[in-house]
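Q: One structure coming up, written as structure tokens, with questions to follow.
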Amino acid sequence: MSGIPHDHYEPKTGIEKWLHDRLPIVGLVYDTIMIPTPKNLNWWWIWGIVLAFTLVLQIVTGIVLAIDYTPHVDLAFASVEHIMRDVNGGWAMRYIHANGASLFFLAVYIHIFRGLYYGSYKAPREITWIVGMVIYLLMMGTAFMGYVLPWGQMSFWGATVITGLFGAIPGIGPSIQAWLLGGPAVDNATLNRFFSLHYLLPFVIAALVAIHIWAFHTTGNNNPTGVEVRRTSKADAEKDTLPFWPYFVIKDLFALALVLLGFFAVVAYMPNYLGHPDNYIQANPLSTPAHIVPEWYFLPFYAILRAFAADVWVVILVDGLTFGIVDAKFFGVIAMFGAIAVMALAPWLDTSKVRSGAYRPKFRMWFWFLVLDFVVLTWVGAMPTEYPYDWISLIASTYWFAYFLVILPLLGATEKPEPIPASIEEDFNSHYGNPAE
């Protein structure tokens, strides 16, 4: 897709021209912050800057914490307590880092569901969407390994349970599990590997974020109407857009300030609200916690993992058809990763010609059921695997897959969308009036 017509950077002084011919960094920054942006973006589009800020915050606080952290099973727990008690500002760094992970996932879930509602995954933005899903997977891996580092009870047993999932893969599973752990069980080699990867992966995420931004700068931003910016001429493009600076930067910074106000209130007044008290007990391989619960942002997919127990008919059927190769444990692993994979396949599963859910009445109903379903999965993921939570998680998991694999494809063929505006300018003027009037 050709870019949106707009003014590009033109060096004016001799020094600017000299630098631009050799390293056009000024031009790159100019074209990035002055990019034409659909003028009708609403407040759901502010979470991108929250994610960018939080990523930088996590990297900076993580580097500071790593200075005093010791990745050894005999010293890790004590080194975290040393950071909390003896290092100047150490408690603040740890609480900001721990709660920053929650803010990061909250923002990314809102970002994902906004994309699902407004059709930001549809052509020509498939690459942007897929790169975003890869970033999300790396976030999950990074957060999981980071949760292991304090070496509390939940850290140790969470690592034991999650790494055990790889052992469920037929044939090669035990070898993969041993390779991940560095031995037969979670121990010092595991902690060292997780610390190393936890330090590395945020920089990989940052690189993918740059690609993500590059991708949507190439195709142009989506917007609440799903209508593309007119590219026929610069004059038409200017009627549909505003430069990112200063209009959207100021708006985003204002929203970021409000989000950070709430974030630092949590850090200051209830920093352990989203944590688990068992993680303030040093890891003990001989004492299993009564109820192993991951961090809240893993709960929806943890619920899907546990939903398909051995007595569920589809698990029994698949187990029989595969002669026991795909048992209940492996089926749960497939379901958990499949729940993420179907989101990545949304560009091809959604057959509607209309992008935005704002003009799709039936889609809106099913979408809000999906949001409710996600909340229910988060809730049951924290509950024990007993009646009625097991049945609720199974029903909620079934709807998750049904939405992407059945409902989205059928809606494209059966739904009659509402009329969409001819241009972004028309939509903007219908809400805010014509500036020329």
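Note that Cβ sites are derived from N, Cα and C of the backbone, with glycine treated the same way.
When I checked Swiss-Prot for this same protein, it listed these features:
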TRANSMEM  45-65  transmembrane segment
BINDING   His97, His198  heme b b562 binding site
TRANSMEM  100-120  transmembrane segment
BINDING   His111, His212  heme b b566 binding site
TRANSMEM  129-149  transmembrane segment
TRANSMEM  156-176  transmembrane segment
TRANSMEM  194-214  transmembrane segment
TRANSMEM  248-268  transmembrane segment
TRANSMEM  298-318  transmembrane segment
TRANSMEM  330-350  transmembrane segment
TRANSMEM  365-385  transmembrane segment
TRANSMEM  391-411  transmembrane segment
Q: Do any residues of this chain, six or more beyond the ends of the transmembrane segment (248-268), have a C-beta under 8 angstroms from a C-beta of it, and if so which?
A: 33, 37, 41, 43, 45-46, 48-50, 53, 92, 95-96, 99-100, 103, 107, 242
Q: Per DSSP, His111 (heme b b566 binding site) is which: helix, strand or coil?
A: helix
Q: What whole-number Å value do you get for the CA-CA distance of His198 (heme b b562 binding site) and His111 (heme b b566 binding site)?
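A: A Cα-Cα distance of 23 Å.
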Q: Let me spell it out: take the transmembrane segment (100-120), skip the flanking residues so only those 6+ beyond its ends count, and list any with a Cβ under 8 Å from a Cβ in it.
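A: Result: 44-45, 47-48, 50-51, 54-55, 57-58, 61, 128-129, 132, 136, 139, 143, 146, 222-224, 226, 259, 263, 274, 295-297, 343, 346, 350, 352, 354-358, 367, 370-371, 374.
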Q: How about the transmembrane segment (298-318) and the transmembrane segment (194-214): at least 3 CB pairs under 8 Å, pairs 6 or more apart in sequence, or not?
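A: No, the stretches stay apart by this measure.
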Q: Who are the long-range neighbours of the transmembrane segment (45-65) in its own chain, taking Cβ under 8 Å and residues 6 or more past its ends?
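A: Counting only partners 6 or more residues beyond its ends, the transmembrane segment (45-65) has Cβ contacts under 8 Å with 83, 90, 93-94, 96-97, 100-101, 103-104, 107-108, 110-111, 114, 146, 198-199, 202-203, 205-206, 209, 221, 248, 251-253, 255-256, 259-260.
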Q: In the same chain, which residue numbers or ranges, 6 or more beyond the ends of the transmembrane segment (194-214), come under 8 angstroms Cβ to Cβ?
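A: Sequence-remote neighbours of the transmembrane segment (194-214) are 32, 51-52, 55, 58-59, 62, 66, 69, 71, 128, 131-132, 134-135, 138-139, 141-142, 145-146, 148-149, 159.
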Q: Would you mind listing, in sequence order, the residues at least six apart from His111 (heme b b566 binding site) in the same chain with a Cβ closer than 8 Å to its Cβ?
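A: Sequence-distant Cβ neighbours: Trp47, Gly48, Leu51, Gly132.
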Q: Sort out the residues at least 6 away from either end of the transmembrane segment (330-350), same chain, that have Cβ-Cβ distances under 8 Å to it, and list them.
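A: Hits for the transmembrane segment (330-350): 112, 116, 119, 121-123, 125-126, 129-130, 133, 136-137, 165, 168-170, 300-302, 304-308, 315, 318-319, 397, 400-401, 404-405, 408-409, 411-412.
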Q: With a Cβ cut-off under 8 Å, give me the same-chain residues at least six positions beyond the ends of the transmembrane segment (391-411) that come close to it.
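A: Sequence-distant neighbours of the transmembrane segment (391-411): 303-304, 306-308, 312, 335, 338-339, 342-343, 345-346, 349-352, 360, 362-363, 366, 369-370, 373-374, 376-377, 380-381.
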Q: CB neighbours of His97 (heme b b562 binding site) within 10 A?
A: 19
Q: Between His212 (heme b b566 binding site) and His97 (heme b b562 binding site), what is the CA-CA distance rounded to a whole number of Å?
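A: His97 (heme b b562 binding site) has its Cα 24 Å from the Cα of His212 (heme b b566 binding site).
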